[in-house]
Amino acid sequence: MNRKLSIFSAFVTFTMMIVLLMGGTVTKTDSGNGCGTDWPLCHGELIPTNPSVETMIEYSHRAVTGVVGLLIIALCLWTLVAFKDRLDIKIFAFLAFIFMLIQSIVGAGAVVWQQSDLVMALHFGISLISFASLLILTILIMERSGQEFRESVPAFLRKLLYGLLIYTLIVVYTGAFVRHVGATYACVGWPVCSQPTMTFEAWVQMIHRILAGLLFFYTLFVHYTAIRLKHRTSRTGMLFATFFISCQVATGAWIVLGGHATYVPLLHAFLITCYFGVISYLAYHAFRTRKKDSRLR
């Protein structure tokens, strides 16, 4: 294990989490136009003068994202040199970089061209994929040299994990869409909307709740399957996933029933990020143990 590289990779993964939470702050405070329609400048300036609160939030998000982007590039180059014979590490380093780049392009496009809500809802999901790639990359770097995984994931559980990963992205997209169309408080009551008439925003909110509820029960089923099949890694990972998704549902209800403070939606975003990271690793672990050779070469 390359100790210095492991520490650096873990640090970069942490900074990517910060980027995600700062992006959530931009959305929650409606600060996306805090720098006007200029990018990468802010109101035509490299450093804004007399900035408003919204400008400070948007500008700091851009600045941190730029720094983290450079850190990811440095991490990719370092891993390419340190692990010349590891295709799996190269792939996740590339994924972390490319999705960070796509996220930045989508964010810039939103400022310059005022993208639709359908497009902007992709932004958070793209960032999640970059974060998950960094997390898996860090775990791979930290593994002992020559370590093998002989505990193959049963085919049924493996397929469940693949499906859970894909379905999670769908639910994440609907959650981001709820925020971007301003539907967070469109429903009165929880878990169902109790108002007599349903607006478009209320339907968007209700559909997300239904899909999120199904994700919760899907997670419980996968956890139960991992326990029944006695697969240690999946069982432990799904225990964490179940904890995160349970807290996620609770914070979702909290937001609707009175959690108007900025930190509540940020906690909601933090929990789904942790959940997605766990599920992503478990899905990849299932993928690489499908054959005797535990690594991509």
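Backbone N, Cα and C define each Cβ position, glycine as well.
Per-residue pLDDT, averaged over the topological domain 'Cytoplasmic' (1-6), rounds to 83. According to Swiss-Prot, the feature topological domain 'Cytoplasmic' maps to 1-6 (among others), an assignment based on sequence analysis.
Sequence-distant neighbours of the transmembrane segment (7-27) (same chain, 6+ residues past either end, Cβ-Cβ under 8 Å): 34, 57-58, 60-61, 64-65, 67-68, 71-72, 74-75, 78-79, 96, 100, 107, 123-124, 127-128, 130-131, 134-135, 137-138, 141-142, 179-180, 262, 265-266, 269-270, 273. Per Swiss-Prot, the feature transmembrane segment maps to 7-27 (among others).
Annotation note: CYS42 (disulfide bond) sits in a strand segment as assigned by DSSP. Per Swiss-Prot, disulfide bond is recorded for CYS35-CYS42 (among others).
Positions annotated as active site by Swiss-Prot: GLU58. Same-chain residues at least 6 positions away in sequence with a Cβ under 8 Å from that of GLU58 (active site) are, in sequence order, VAL26, SER31, GLY32, ASN33, GLY34, CYS35, CYS42. Under the three-state DSSP scheme, GLU58 (active site) falls in the helix class.
According to DSSP, HIS123 (heme o binding site) is assigned to a helical segment. Swiss-Prot lists HIS61, HIS123 with the feature heme o binding site, giving sequence analysis as the kind of evidence.
Taken from Swiss-Prot, the feature transmembrane segment covers 63-83 (among others).
Positions annotated as topological domain 'Cytoplasmic' by Swiss-Prot: 84-90 (among others). Counted with DSSP, the topological domain 'Cytoplasmic' (84-90) comes out as 4 helix, 0 strand, 3 coil.
For 91-111 (among others), the entry in Swiss-Prot reads transmembrane segment, with the evidence type sequence analysis.
Among residues of the same chain six or more beyond the transmembrane segment (122-142), those with a C-beta under 8 A of the stretch's C-beta atoms are 1-2, 5-6, 9-10, 12-13, 16-17, 19-20, 23-24, 72, 75, 79, 83, 86, 88-89, 92-93, 95-96, 99-100, 102-103, 106-107, 110, 169, 172-173, 175-176, 269, 272-273, 276-277, 280-281, 284. The transmembrane segment annotation in Swiss-Prot covers 122-142 (among others).
The topological domain 'Cytoplasmic' feature in Swiss-Prot is assigned to 143-160 (among others).
Annotated transmembrane segment per Swiss-Prot: 161-181 (among others), in sequence order, evidence recorded as sequence analysis.
Look at Swiss-Prot and you will find CYS187-CYS193 (among others) tagged as disulfide bond. DSSP classifies CYS187 (disulfide bond) as coil under the three-state reduction.
Summarising the annotation, Swiss-Prot assigns transmembrane segment to 202-222 (among others).
According to Swiss-Prot, the topological domain 'Cytoplasmic' annotation covers 223-236 (among others), on the basis of sequence analysis. Away from its own ends, the topological domain 'Cytoplasmic' (223-236) comes close to residues 149, 151, 153-154, 156-157, 160-161, 242, 282, 285-286 of its chain (Cβ-Cβ under 8 Å, at least six residues beyond either end).
Sequence-distant neighbours of the transmembrane segment (237-257) (same chain, 6+ residues past either end, Cβ-Cβ under 8 Å): 184-185, 187, 189-191, 209, 212-213, 215-216, 219-220, 222-223, 226-227, 264-265, 267-268, 271-272, 274-275, 278-279, 281-282, 285. What Swiss-Prot lists as transmembrane segment is 237-257 (among others).
Under the heading transmembrane segment, Swiss-Prot lists 263-283 (among others).
When Cβ atoms from all protein chains are considered, those within 10 Å of HIS123 (heme o binding site) total 23, not counting its own. In this structure the C-alpha atoms belonging to CYS193 (disulfide bond) and HIS123 (heme o binding site) are separated by 27 Å.
Broken down with DSSP, the topological domain 'Cytoplasmic' (223-236) shows 11 helix, 0 strand, 3 coil. Among the disulfide-bonded residues CYS42, CYS193, the residue whose Cβ has the fewest other Cβ atoms within 10 Å is CYS193.
Counting every protein chain shown, the number of other Cβ atoms lying within 10 Å of the Cβ of CYS187 (disulfide bond) is 24.
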